[in-house]
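Undergrad: Supplied in structure tokens, the structure appears directly below.
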Amino acid sequence: MTGEIPRGRRWSARTTRASRLNSPLRAFLHTETGSARVLLAAAVVALAWVNLDESSYESLWGAVFSVRLGSWQVSHDLRFWVNSGLMTFFFLVIGLEVRRDFDLGELRERRRLMLPLLAGIGGILAPIAIYLAFNAGKPTAVGWGVVMATDTALALGMLAVLGPRFSDRLRNFLLTVAVVDDLIVIVVLAIAYPEHPSPMALFVAAGIFALVLLIRAAGVRWGPGYLLLGVAAWLAVSESGVDPVVVGLVMGLFTYAYVPARTELQRAADRFRLFREQPSPQLARSVRAGLASALSPNDRLQHIYHPWASYLIVPLFALANVGVVVDRELLARAATSPVTLGVLFAYVVGKPAGIVIASMLVPRLSHNQFRAPVGWAAIIGVGTVSGIGFTIALLIATHALHGPALDEAKVGILVATVGASLTTWLVFRLAARLAPARRARALLGASEGIIDLMVPVDPDRDHVRGPREAPVTVVEYADFECPYCGQAEPAVRELLVDYTSVRYVWRHLPLTDVHPYAQMAAEAAEAAAEQGAFWEMHDLLLAHQDELRPADLLRYAERLDLDLDRFREHLADRRGAGRIAQDVDAADLSSVSGTPTFFVNGRRHHGPYNIEALSAAVMSAFASARLRPEGGREPDHRSEAGSEQPDEEPGT
């Protein structure tokens, strides 16, 4: 059941209830390039500030702030509260994202963790070896921990700026490698650089973490309770001499992620209807609790803390720590300093070498049981961008080194950040010069991704728009009354005009608990499909989402010149209900609970459904399709603007 999309024609109109929710500011805040720019700006401000007025810089960050409760108090300077207090929330966000990948992403197949894990370890050992080669036998050898870490936030931002446009696999690989680094770094901070170690306080912290696991296993979902336990763990770890940022990472890894269940969403909708009929404080609390319980704790916490961590906390950290007085004396000393040279070569050479060598050896030694999720160019790119240690390297440097050695390490970290960024740009620039098929293999590799769509597309059964056979298939579970489906519709249409080798599949998922006319509209579309006009009816229904009553449906059928008696009979007998129920069952199998939900070549699409995001997912799928024997041909993705094309569209 296929229909062709008119070529050479763009839809500029929006459905009645559709509106563009994106603004330039919102788009900026939802990109990693935005946070990377803010971070770099903060670093520049710190360098300018300390070189113009060092006394005011140091007096601010050295100011002591205390928290007192009776006779008990905690006193630290402002730099500590940023480095070990606010940065706990940054590590919380990192832990949340890794846990989400464990629960819903590629790492839910645990075997896929092995190679990034070993690559991360390789990316730690090689830099340490290079740093120690420069500093062996010197007091500065104690700073070997400085070269271990990757600044996850800045590395991801630089990858978004310098890397290929369609880099989800690349991003996930980098994230896993970087988090392995962060976990090991935290262990090293605890063991190698403790301040006034207290085993008893560490034992108390371990007990608190165990309590968190117990109450989570018991199904307790009271957020303030977890917050109090997190604060208690932070205080205990701080008293133990270990950097308390570890608490954020551990709590993030403890916070599970899941797709909202449709039953939970329906229950929340039922509570809202009760509140609508009889508003009261008790029902208001019930509605809030129902809405919160439908979403995973991981999603809720990421939504709260990710913007703060990216746009406030990490830039504040850079502002507090990057400041170093750069003068001729320091530069002359750094040019020959084993600390500076050790840090520079460890990050620019050691990081990529360790990651690349480990990624090459693991598949060979495991007889391809553990394969890289990306290609060789992407592995090299991940290696080079992992050489951006920046904020995390500065964090360790403040623990490991002091005095002139600390300033020399900061110079090395800053120069290494620039060097790693330049080599990353060069790697992806060279990869971009490869022929398309070779470039796809170099960036994506040959490993298969996880398929999320449980019921495969059947062109004889499904409603297909575009070519019957295509290298890329976009499946949408949608609801004709859903306003968000209306917002997605213009993007889908533009996608099909831009990429003529894509086939688009509509599957019904009427959310009858919130959209009273969605089921009837879906059945009307099936009634039109019986007469060869599914897509014409589909377009009318989405264009008039506020007009889906029975009389409206009959008016649309008349406008399409359908046999009205046959159309009425189809609706009266509810002949399309069984077909719609099959789509709903298929949605349940794929853990689809809301609309619109998109799948691109079987992979669930996470994120916005605007034309930019969908185009990125489609182009990534095209690149992967080229690696398969049946997808080796180069598709004509883009139609030429202004070409003569028919104005009318065949039916189903």
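Glycine too: its Cβ is placed from the backbone N, Cα and C atoms.
Found this in Swiss-Prot, in case it helps:
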{"type": "REGION", "residues": "1-428", "note": "region 'Na(+)/H(+) antiporter NhaA'"}
{"type": "TRANSMEM", "residues": "32-52", "note": "transmembrane segment"}
{"type": "TRANSMEM", "residues": "78-98", "note": "transmembrane segment"}
{"type": "TRANSMEM", "residues": "114-134", "note": "transmembrane segment"}
{"type": "TRANSMEM", "residues": "142-162", "note": "transmembrane segment"}
{"type": "TRANSMEM", "residues": "173-193", "note": "transmembrane segment"}
{"type": "TRANSMEM", "residues": "200-220", "note": "transmembrane segment"}
{"type": "TRANSMEM", "residues": "227-249", "note": "transmembrane segment"}
{"type": "TRANSMEM", "residues": "306-326", "note": "transmembrane segment"}
{"type": "TRANSMEM", "residues": "342-362", "note": "transmembrane segment"}
{"type": "TRANSMEM", "residues": "376-396", "note": "transmembrane segment"}
{"type": "TRANSMEM", "residues": "411-431", "note": "transmembrane segment"}
{"type": "DOMAIN", "residues": "429-623", "note": "domain 'Thioredoxin'"}
{"type": "REGION", "residues": "626-652", "note": "region 'Disordered'"}
{"type": "COMPBIAS", "residues": "627-641", "note": "compositional bias 'Basic and acidic residues'"}
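Locate each feature and note its surroundings.
TA: With a threshold of 8 Å between CB atoms, the same-chain residues lying at least 6 positions outside the transmembrane segment (78-98) that come near it are 60-65, 107, 152-153, 175-176, 179, 182, 186, 234, 238, 243-255, 257, 298, 301-302, 305-306, 308-310, 313-314, 316-317, 320-321, 395, 398.
Counting residues 6+ beyond its ends, the transmembrane segment (114-134) has Cβ neighbours under 8 Å at 141, 143-144, 146-148, 150, 173, 176-181, 184, 338-339, 341-343, 345-347, 349-355, 357-359, 362-363, 366, 370-373, 379, 382-383, 386 in the same chain.
For the transmembrane segment (227-249), the list of distant contacts is 74, 83-85, 87-95, 182-183, 186, 189-190, 193-199, 201-202, 204-205, 208-209, 211-212, 395, 399: same-chain residues at least six beyond its ends, Cβ to Cβ under 8 Å.
Residues 29, 32, 34-35, 38-39, 41-43, 45-47, 49-51, 54, 57, 61, 78-79, 82-83, 86-87, 89-90, 92-93, 153-154, 390-391, 394-395, 398, 407, 410-411, 414 of the same chain, all 6+ positions outside the transmembrane segment (306-326), place their C-beta atoms under 8 angstroms from a C-beta of that stretch.
Tertiary neighbourhood of the transmembrane segment (411-431): same-chain residues 43, 146, 151, 154, 158-159, 162-164, 322, 324, 326, 330-331, 334, 337, 339-344, 346-348, 351-352, 377, 380-381, 384-390, 393-394, 397, 439, 442-443, selected by CB-CB distance under 8 Å and a gap of 6+ residues from either end.
In the predicted structure, the domain 'Thioredoxin' (429-623) carries a mean pLDDT of 88.
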Undergrad: Would you mind listing the long-range same-chain contacts of the transmembrane segment (142-162), meaning Cβ under 8 Å and 6+ residues beyond its ends?
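TA: Distant contacts of the transmembrane segment (142-162): 31-37, 39-40, 90, 94, 123-124, 127-128, 130-132, 135, 170-171, 174-175, 177-179, 181-182, 184-185, 188-189, 192-193, 309-310, 314, 339, 342-343, 346-347, 350-351, 381, 385-393, 395-397, 399-401, 405, 409, 413, 417, 421, 424-425, 428.
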Undergrad: Which one, 200-220, 342-362, 376-396, has the most C-beta pairs under 8 Å toward the transmembrane segment (32-52)?
TA: 376-396
Undergrad: In the same chain, who gets a Cβ under 8 Å from the transmembrane segment (342-362) while lying at least 6 residues past its ends?
TA: 114-115, 118-135, 140, 143, 146-147, 150, 177, 370, 372, 379-380, 382-384, 386-389, 393, 409, 412-413, 415-417, 419-420, 423
Undergrad: Cβ under 8 Å, sequence separation of at least 6 from the ends of the transmembrane segment (173-193): give me the contacting residues as numbers and ranges.
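TA: Those are 91, 94-95, 97-98, 101, 107, 113, 116-117, 119-121, 123-124, 145, 148-150, 152, 155-156, 159, 202, 242-243, 245-246, 249, 355, 372-374, 378-379, 382, 385-386, 392, 396, 399-400, in sequence order.
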